[in-house]
Every structure is written in C-alpha cells, then in structure tokens.
Amino acid sequence: IRCFITPRVSSQACPDGHVCYTKTWCDNFCGINGKRVDLGCAATCPTVKPGVDIKCCSTDNCNPFPTRKRP
C-alpha cells in the first residue's frame, strides 16, 4: 500500500498489511491556520486522545491532505 506521509506530503510505500491514516486536531492557532494534520501509515489504526480526529483507509494514496473550507 502507498500512503501520503507528512511533513512532505509525499506518497511512500508502507509495509504489507498497514493502513493509511489522516489525523487532525486543533492547537492554539486553529482559528487562524485551521487544524493540524498528520498523515502516515501504521500497522493498525492509531488510538487517539479526545479532541483528535482520525480516519484510516486501506487503498493506495487514500489519505490526501485535507482541503480547508474557505469562508
């Protein structure tokens, strides 16, 4: 499987059986910059803390950098 990986947001090969993930959360600058984003791959879908959103998927390049809605 190929997943997008931060910080360069480049597509990279991940080991067999891994899943891609997109993790987003707010920090002190969320109102200005939008949510922080972490893209990667892991053996299983990571467990996250409250306030952190995660989406996992298992097809090539299924975790592109999310687009920010403009007001």
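Every residue gets a Cβ built from N, Cα and C, even glycine.
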**Complete:** Going by Swiss-Prot, the cysteine from CYS26, CYS30, CYS41 that pairs with CYS14 in a disulfide is CYS41
**Request:** Could you tell me which of CYS56, CYS57 is bonded to CYS45 by a disulfide, according to Swiss-Prot?
**Result:** CYS56
**Prompt:** Going by Swiss-Prot, which one of CYS30, CYS62 is joined to CYS57 by a disulfide bond?
**Reply:** CYS62
**Message:** Checking your reading of the structure: which of the disulfide-bonded residues CYS26, CYS57, CYS62 lie inside a 10 Å Cα sphere centred on CYS20 (disulfide bond)?
**Reply:** CYS57, CYS62
**Message:** Using a 10 Å radius around its CB, how many other CB atoms surround CYS57 (disulfide bond)?
**Reply:** 15
**Fill in**
Rounding to whole Å, the Cα atoms of CYS62 (disulfide bond) and CYS3 (disulfide bond) are apart by 7
**Item:** CYS3, CYS14, CYS26, CYS30 filtered to the disulfide-bonded residues whose C-alpha is within 10 Å of CYS45 (disulfide bond)
**Value:** none
